[in-house]
């Protein structure tokens, strides 16, 4: 019998246990009774229970689930409604048909909160009730109606039902989704609307052992698989589950055993609904005023009630689907047992042909077992589930397939990498193409032997292999390119070093012109594509890197070859060339101070004239050498050298400045000190030579020693020695070595005299200090000996 307009239920709210003011509660209205009659008085009820101007400011929420699972209680606790709930002492159907109620307030973590939007809640008769038995017609139509008219469909399910087929109402949901797709899928295509329904999966009696995320993953996977198995019209085949539905989850503790945690879970869910407003999205709304929605709901029920297609699929097909799923699961478990036996350990070097044959045998055995048990059921279902079994087996075999394919690729890639290194850059691009082509062909041939005639795709393997090859080649290209750059820089450095060393032999105004010309002769020849198959960008970067490093080498080599110590030594050598040797390269012997002072001034000037040349790299035209790159820039050093010293940022650098002014002053001071010492030493020898023995003394000696002189001449031995001595003096004079010989003889005699005086002092004088020092030395030696013995 159709309900009269505005007729309300007169149920008690005492069983709902809703902690709100009873005056705020509104009785629910039955919009569809158990006889499938639609109540046309919905709009009057809504106008009576809700604010005057509802308009589009409303949300429709419905609940779906098995009978006696606490759906009505859940709605009452969430939305403070007054739906009838089950008497726990007598488990029987409470909700009959579909009921609608207005939510006055919701219970959030902040307390009772009035929603900014009007919330209307539908309580749908539970499924799988004994009152209806096998008559599932109303269950399907009621579920389809709730799905078609609601923004949020709460699927009430116990934790223990997750993963089940019948327990989780998957069969009914599949039927509802299929019919919903056929009824409303064309509308989505024609209007291109983005309307969706949110499936809010509330997991009841969650004990916390299995994480909510894991349960959600299982349930979502079941929904996706179920959608994939729907019998879709051809024009709707491309539509996905996500085109029609969004899914979210919320877990609640046991209502009786954990009442406090249950209440807190209810409050958190209400927070999601009305506080954060995360569950109400514009695309869920039907985008019609409330009076339009009531008309829409009535016409939806009319279409659902009169459409004969809702009687499909038949129970036979449902049974076939269920049984074939059971057979698939059983056969697949048997396959897994064989799989574990054969592939418990991974063979490091398998025979791919034998492995492919084993794959085929295992799969064929599973197909034969499935065919023997499932072929008697509906042919379409049987073939569909056989495809599912094929997919499951292939997916499992793909694991072993991928492992062996990866091992093969890794082994061949290692050899490929060694072959690339062995090339040492010779014909690199050509050889890389040859080696990489051979590698891909080898992998393709070997892996195809176990691919089950292409059922196990090689595309991912070959794609990954190609990427690995490209990565290895790119890495080796960089190594070879860097090697070319470094070798070229080293060659340039050697050439530059030779050029600078040559110029240091006789620096002049064109010294740095010659060095720069030699540098640029090598510097400007570097370039080309290098024969590595690298891109033009990489080649250009290599050229820039070479040029930057070349200028760095120019700076480093010049500072290495022209340091303070080496510059001082060079100045001293140039001074000695003029001061100690004559133009023929023979040692000079100074006989007077005038000659000494003149030569000293010339030698000093000769040495110092190269000081400004070697301390600052300046060309003949007066301009300083400026590099093409600022080699002191930290960013450039980071880019081309891979790092830089932070302390260098605090110093001001000038590329052309080899020796700073301070260092130059230090070198000049040391040089003057050294040459002045040489001047004084040479001058002292002249004075000693002049003041040693007057010439007239030799005349007196000759007169007074005439008799002795004659005795020497008459003695053959003495005469022979005189002849030898005279000849020696003549030869030295003839060769121009007499003066140096006299200097050497004089210095030798001085040393002999000094040593003789020292020995004579030791013998004749009782020097206590000397004796003490000797005793100390002896004592020290003894201690050292004792320490060595220890």
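Note: Cβ is positioned from N, Cα and C throughout, glycine not excepted.
Range 693-713 is the one annotated as transmembrane segment, of 693-713, 756-776 (source: Swiss-Prot). When pLDDT values are averaged over the topological domain 'Cytoplasmic' (738-790), the model yields 63. In the three-state DSSP assignment, the secondary structure recorded for residue 66 (GTP binding site) is strand. Secondary structure from DSSP puts residue 72 (GTP binding site) in a helix.
Compared over the binding-site residues 66, 67, 68, 69, 72, the count of CB atoms lying within 10 A of a residue's CB peaks at 72. A 10 Å cutoff on Cβ-Cβ distances gives residue 71 (GTP binding site) a total of 28 other Cβ atoms nearby, all chains included.
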